[in-house]
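Visitor: For 122, 123, 154, 155, 156, 157, 197, 226, 229, 251, 285, 311, the entry in TrEMBL reads pyridoxal 5'-phosphate binding site. The domain 'Aminotransferase class V' annotation in TrEMBL covers 99-259. If you look up TrEMBL, you'll see 252 marked as N6-(pyridoxal phosphate)lysine.
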Ligand SMILES: *Cc1c(COP(=O)(O)O)cnc(C)c1O
């Protein structure tokens, strides 16, 4: 589907002159092939079952299937469940799987062993973390009852925060615009917590985690990070930034499969100081200090473990472990620093090619140009036709996605560049298809305008 399309040879006359790559000359298909040939991370792509004819630029929504996942899940089903039966909770280590997978994820986010658990969904983990943070803040300074976040944050984060604020007499304060300008003004003496998503799901803009955390702390607030679009995609150093809490997603850059368990992290400095009555709002027996003592009262487990609630989905945790290991496979090749270098090269190439080849077609770049302010995705906007353009690309085997705008934000055509499996030639073909869809007006086909349930 993707190969065999006529490759036009556009002029680069419209490329912006301030770009390092385009100031030299527009990269060609051969240049991109050479970049792939020289890419030391290229073999990592072989870990995945990527369908032929597809360029997958939506790993920021659902990571692809690792080859090893089906065999691992089959083994847990047949050997662990089928033969081991209930003995497998001990013999196969099922009972400690949330901690063990959590520790693997910890290696990707600057967390030490015992600080992270893989469990539940991002939404549920956020509920537990925010409720615990509100509880802690009530003890530190009960007058601080404002939770600051961004209006452009992922809605589920805002919904969870909204409900907890309502029930606990807090106020949710949402900032707009460039947070480097609007956040400081929002950090008054009434603020108890700042909750931000490190890489914005719509725009791909990335916060400076250390600087924002320091500003929140200086203002007397606790800092909660959502790493849904960071973990496995960009280097994260939670302990280095001295963040307080974090949550993140298992099915995006961690390749854990649809609805994979998410994760939660607690700063060990905070966790070590948790008292016997510092509970999250969801208290279940897996978060108990001695689940099999079956005491009638709740006595929380130490640190982050009290964030576990009930019996965990072992099949899903096993699949997540395989997914996390596809990212850890980069460790001998330079790890997340090397993945980040490649990711920035991919997004830079995409931006350069779009500007060179699609100029005059009404596209505008939403993602920040400065590399240090960009995650691993590039978002474009267009006054009309965004949804149909993405549908036309998907029909050609280039899978990105679309997020509708509203009064505050534009429509988004979103393209994720997971450096584990996306190559430079993929980028070239993706832009070639985008160019053709725009140039031919193929997106105007009425069949492409019909919205589906999942965009
Ligand atoms: C993907 C994503 C979620 C998903 O939450 P679920 O509970 O898994 O549905 C939450 N927050 C952010 C910022 C995300 O990007």
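Any Cβ shown, glycine's included, is placed from N, Cα and C.
Not measured: the values here are computed from a predicted model.
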Visitor: Which of the listed binding-site residues (154, 285) has the least company, meaning the fewest other Cβ atoms within 10 Å of its Cβ?
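Guide: Sparsest of the binding-site residues 154, 285 by Cβ contacts within 10 Å: 285.
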Visitor: Quick one: Cα separation, residue 122 (pyridoxal 5'-phosphate binding site) versus residue 252 (N6-(pyridoxal phosphate)lysine), in Å?
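Guide: If we compare the Cα positions of residue 122 (pyridoxal 5'-phosphate binding site) and residue 252 (N6-(pyridoxal phosphate)lysine), the gap is 11 Å.
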Visitor: Fill in the CA-CA distance, residue 154 (pyridoxal 5'-phosphate binding site) to the residue listed as 'N6-(pyridoxal phosphate)lysine', as an integer in Å.
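Guide: Approximately 14 Å lies between the Cα of residue 154 (pyridoxal 5'-phosphate binding site) and that of the residue listed as 'N6-(pyridoxal phosphate)lysine'.
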Visitor: So of 122, 156, 197, which of the binding-site residues has the fewest other Cβ atoms within 10 Å around its own Cβ?
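Guide: So among 122, 156, 197, the binding-site residues given, the one with the fewest Cβ atoms within 10 Å is 156.
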Visitor: If one looks at the chain holding residue 252 (N6-(pyridoxal phosphate)lysine), which residues at least 6 apart in sequence have a CB under 8 angstroms from its CB?
Guide: 59, 60, 61, 62, 63, 228, 229, 231, 232, 233
Visitor: Let me know how many other Cβ atoms fall within 10 Å of the Cβ of residue 229 (pyridoxal 5'-phosphate binding site).
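Guide: Summing over all protein chains shown, residue 229 (pyridoxal 5'-phosphate binding site) has 27 other Cβ atoms within 10 Å.
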Visitor: Check residue 156 (pyridoxal 5'-phosphate binding site) against DSSP and tell me helix, strand or coil, would you?
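Guide: SS state of residue 156 (pyridoxal 5'-phosphate binding site) = helix.
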Visitor: In this predicted model, what is the average pLDDT of the domain 'Aminotransferase class V' (99-259)?
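Guide: That region's mean pLDDT is 97.
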